[in-house]
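**Student:** Sharing a structure with you now.
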Amino acid sequence: MFVSYRWLQEYVDIKDVTAQELADKITKSGIEVEGVEVLNKGVKGVVVGHVLECEKHPEADKLSKCLIDIGEEEPVQIICGAANIAKGLKVPVAKVGAVLPGNFKIKKAKLRGEASHGMVCALQELGIDGKLVSKEYADGIFIFPSDAEVGADALEILNLHDEVLELGLTPNRADCLNMLGVAYEVAAIYGREVKLPAIDLQETAEKTADYISVSVEAKEENPLYIAKMVKNVKIGPSPMWMQTRLMAAGIRPISNVVDITNYILMEYGQPLHAFDYDKLGSKEIVVRLAKEGEKIETLDDQERTLQSHHLVITNGTKALAVAGVMGGADSEVTNETVNVLIESAYFAGQTVRRTSKDLGLRSESSARFEKGIDPTRTFEAIQHAAALMAKYAGGEALEGVVEADNLQVQERTVSVTADKVNRVLGTNISASEMGTMFTNLKFPFTEVEGTFHVNVPARRPDITISEDLVEEVGRLYGYDHIPVTLPSGTMTRGKLTSAQTKRRKVRRFLEGAGLYEAITYSLTSTDKAKQYMVEPNEKAPVALALPMSEERSQLRLSLVPQLLEAVSYNVARKNDSVALYEVGSIFLPTEEGELPKEEQHLAGVMTGLALHHAWQGEKKVVDFFVMKGVLEGLFDVLGVSNQITYAPAKREGMHPGRTADIVLDGEVIGFIGQLHPEAEKQLDVKNTFVFELSLVKVFGADAEETYYSAIPRFPSMTRDMAVVVTKETKAGEMKQVIAEAGGELLKDVTLFDLYEGEKMEEGKKSLAFSMNYFDPERTLTDEEVTEAHNRVLTAVEEKFGAELRK
């Protein structure tokens, strides 16, 4: 909201307060002033000039040689390139020595051999935004009214000796989306009175009701509609003071009639619309819901297709305007308009908001209806508009209005005690001081033994509960005046929970392993909701009652589908190597009508290269063992590695030979594996591996304690063993048998090679293990190690039918 400092002074006496002081005070009262703009931008030396003579430049077709009276002893010659310069006009002239925006100084000059003692200015050259300049002057110089005084300060006439405050309003303060609302706020801050606009309306004997009737079919969407006739208007420019105020408010002047409706909008916050009465096509206004597919061409020359929940203003058959959003081109006020029908209405904010969003069309009017307007100003606004049209457009305001009034404005009384105000704010404000504040706010009230019963005016729909009144007192008292106190009472040092600590360990380890954290949607589509679940669940996923789209209609049962979407998105954009993880919740359905069970899971996905080609080694492609290694490292960090085993598994969407369940103490807590080739094809990815597991179950396991020991004084001995076994043999089971057979001396077993090449018999594979033997108390002999190693060989031969590879 842009607020002209000089315009504001018409409603509240603040001449003793500078614009910057006012901005600081408003900000401290709870409404942020985002900036204060000085309109003149350092311009000086610009006066009103009267063009006495104007002829073509002898050496240039597009230049004019003008003799201009600027209020000094002698007129001056100025060369001007504007197409609309002409004899007899009064124009803004920057004299020699004048300063324009950007510290541009005007000097004597010669243009094509002719002397020029100044510059005739366009509004843009005086610092006014070109978007706010009326079309009449957009491509030329500005022309003052004929009664402008020659030599007078042009900036004063243009109202540029002004400052504009930009208010950053929150949605609940729609009452300040107009000058009167801001005036009430400022008056409350300074304890001053609000001067309401004087309405000098002279009506004719003819009645508005003789020309138009109004009926409302959609009473819920439009509880109040008022219309008034103004005849015999003469379309032209609005008065200079009105144009400059509108430009200061960020609105481009158009014509006197249209400018008056916009002026009332900015003054009262009441949107108005002016119809060309002679183009209505009937003598009735009917407000109804649109017919599905009904069309209307709006003022922006766009044809709009309406839906059945959109509210329209019609002539009984044809739509004339989209209620609260924008008028129609068919009944637009033009230069030929003679008779005007003014509309002032109260439209339901929800209806306007939905219509505006559907049509992709926002306006100053729709913004105010959406947030809520003061319905008690609707009649006053239309009367003031009619008075201004009679005065500045030469119109004749007909007697009375025609209205359809189904609006019931209920009085709101909100109560609060002085004790509560002081308790919440931490202040010691007396009841009489609070009463003064409510008086300054223009809130009528009664006080009974320290309890205030406040009648809230309709202009403040944000005041509904006692806490709102506490806030009002706090704002006017000044948040900067509230005493500063330190928290009292026993202080306890905060700390992370066990789960929070472990989650941080998970993130730190996975990011160290080269995975990036992703945060995906908790909502998914129906067909993806049950994909890649850790545990099968026959119940239907939890669905939203009113989803925004089918793609986001179900609560997820797995993190994997959303991560795969992210991988597919990246691969499609030539980012072929992706490693992502997510810590997030899944939502397990429970009994019907009950909330789902929320369980935290960890999922990851890797595709492409695990190690890019570098000078120190060859590139490494992601495979099952790369991802399994990441998980084993994670389990080791969490202290549960000895409790985790892996079992071959077949899962929907996963590769049947490269998928395993993750088992913790006999319970399946997750899975790891490669996507099924068909799934990879659908996602347009290759060689993609995923895992998902329940963090709740991992964190709930008893973590192994960490022990520290001295550096060994005695050497260890390593023996390698490569055995040939059937392809069905599980390396993990063999590793466990080796560890048991090796006894106390065998400290570590590592699988370092798997071979299934051409030299192996069909159905066979080679597994190679490295075994480390060690005794912390002495040096082992070769015989002791050989004895333990032979036990290992015997165990794997008996258990798995293994043969030493030769």
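Counting begins at 1 with the first residue displayed.
Quick reminder: no glycine exception, Cβ is built from N, Cα and C everywhere.
Pasting the relevant annotations from Swiss-Prot:
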BINDING   Asp462, Asp468, Glu471, Glu472  Mg(2+) binding site
DOMAIN    40-155  domain 'tRNA-binding'
DOMAIN    409-484  domain 'B5'
DOMAIN    712-805  domain 'FDX-ACB'
**Student:** So which one is it: of the binding-site residues Glu471, Glu472, which has the fewest other Cβ atoms within 10 Å?
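**Tutor:** Counting other Cβ atoms within 10 Å of each of the binding-site residues Glu471, Glu472 gives the minimum at Glu471.
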**Student:** Does DSSP give Glu472 (Mg(2+) binding site) helix, strand or coil?
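**Tutor:** Its secondary structure by DSSP: helix.
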**Student:** Sequence gap of 6 or more, Cβ distance under 8 Å: name the residues on the same chain that satisfy this around Asp462 (Mg(2+) binding site), in order along the sequence.
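**Tutor:** Asp462 (Mg(2+) binding site) has long-range Cβ partners Asn172, Arg173, Ala174, Asp175, Asp468.
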**Student:** Starting from the Mg(2+) site formed by Asp462, Asp468, Glu471, Glu472, give every other residue of that chain whose CB sits within 8 Å of the mean position of their CB atoms, in sequence order.
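**Tutor:** Output for this site, in sequence order: Arg460, Ile463, Glu467, Leu469, Val470, Arg475.
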**Student:** Kindly report the helix/strand/coil residue split of the domain 'B5' (409-484) according to DSSP, in that order.
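**Tutor:** Helix, strand and coil residues of the domain 'B5' (409-484) number 33 helix, 16 strand, 27 coil.
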